[in-house]
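A short write-up of the structure that comes next.
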Amino acid sequence: MMHKAPAVDGPAREPARIPGRVHWTELFFDLVFVVFVGQLAHGIHGDPGWVEFGTYVLLFFPAWWAWVNIVSIINLLPGLSSRALGLAMLAAMAAAGVMAAAAPEALGNRAWAFSLANAVLRTILLILWLYRHQETSNGIPWRIWAYNGGTAVLWFVAALLPFAAAVILWAAAIVAEVAMAALSGWFWAERGIAEINIEHAAERLGQFVIIVLGESVFTIVTELSDAWTPGAGLDASLGFAIVALLGWAFFHYGTGTMSAGLEALRSRSDYAGILQTTLFMPFLLVLGVTAIAGAIATAIPGPHDSLPLGSGICLGGGIALFYLTNAVVSLRYGQRPGTVLPWALPTVVLSLVLIPLSATVSSSAVLSAAVALLLLVTAYVELHGRIRRRARAATRPA
């Protein structure tokens, strides 16, 4: 009678990272998205119209969606060894790099490469999710096969088709993934989102915003280097002030409330809220920042000219979108409307006023107006925060 030999335990594999902390390979993976944002952002410089805006969103959302999906599964796999994590991140980075290289002609003769890269990313996600399922569940992982396997097939097939047919499969794959992700917040939260590490998620989202802000600074510097006139220097300085104030707002008031807000959502078992504020709303914030950077890049070479309509929309609409998204996220976290609306509503309305203003004054003047607006809202939030802290301190028992 044959007996199965007892398993011999090998040396324990130490996890690559502490739960809640970000591993260096995750940061290395992010570098390719600096390139991706830069590749796509050029399309909304100058006087972009609906076609240019639509193209930017159409190509950027799959990249964003791939990024947040990679971040999500890595978040849920803190026990991965350094080698396993490194191989997964490098493979995903290579696929994302192909996406970035294909982006300028993704709606033309490089559509096949864009499709193939997305298919590979979904395959990597499929492997990681199946690995987690094996560690945590004995059921049949039909959702994983549908979410990652089914959409990977759609992207693979799209790589073999002409663009007119491929783009339909792109849309079908993205819609299927978004729909399943949204439904998971209500029906299958205990199998994923309920176990998310809030600290890691907040840090990773903050790092992606750094990527976009960094790309904006890079654009300002390169445009100034090409123009190199006093007027261009003024517009570059104003543009840098705008980006810096956006960064100040996000990292002083955004990430400071992100962890607490996500914890509050989880304490209420509001997993749909966690999905909305980590997967979907940050995409709108990033769109706003990249649109603003496009307007600044257009302004620098012509400081005495008025901005084209498309760039005016990028500037005013981008600032409005940035603050509107922050306001909606703050409300979703549970902050009181009386705290959020006094700074959100005036900022959004005055940002939209910049659009018609940009057609009547020089780019230097409209950038100055944008800086003044951001300084005012920053000062208001700072002063209001100090008043609230003093009020709380005064009510504490001695």
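Yeah, the Cβs are placed from backbone N, Cα and C, and that goes for glycine too.
Note that the coordinates shown come from a computational prediction; the quantities given were computed from them, not determined experimentally.
In TrEMBL, the feature transmembrane segment is placed on 272-297, out of the ranges 194-219, 272-297. Ranges compared are 152-176, 227-251, and TrEMBL records transmembrane segment for 227-251. Among 27-44, 84-104, 110-132, 272-297, 365-383, 365-383 has the largest number of CB pairs under 8 A with the transmembrane segment (227-251). Beyond the transmembrane segment (365-383), the same-chain residues lying 6 or more positions past its ends with a Cβ under 8 Å from any Cβ of the stretch are 235, 238-239, 241-242, 245-246, 248-249, 253, 296, 299, 306-307, 312, 315-316, 319, 323, 342-343, 346-347, 350-351, 354, 357-358.
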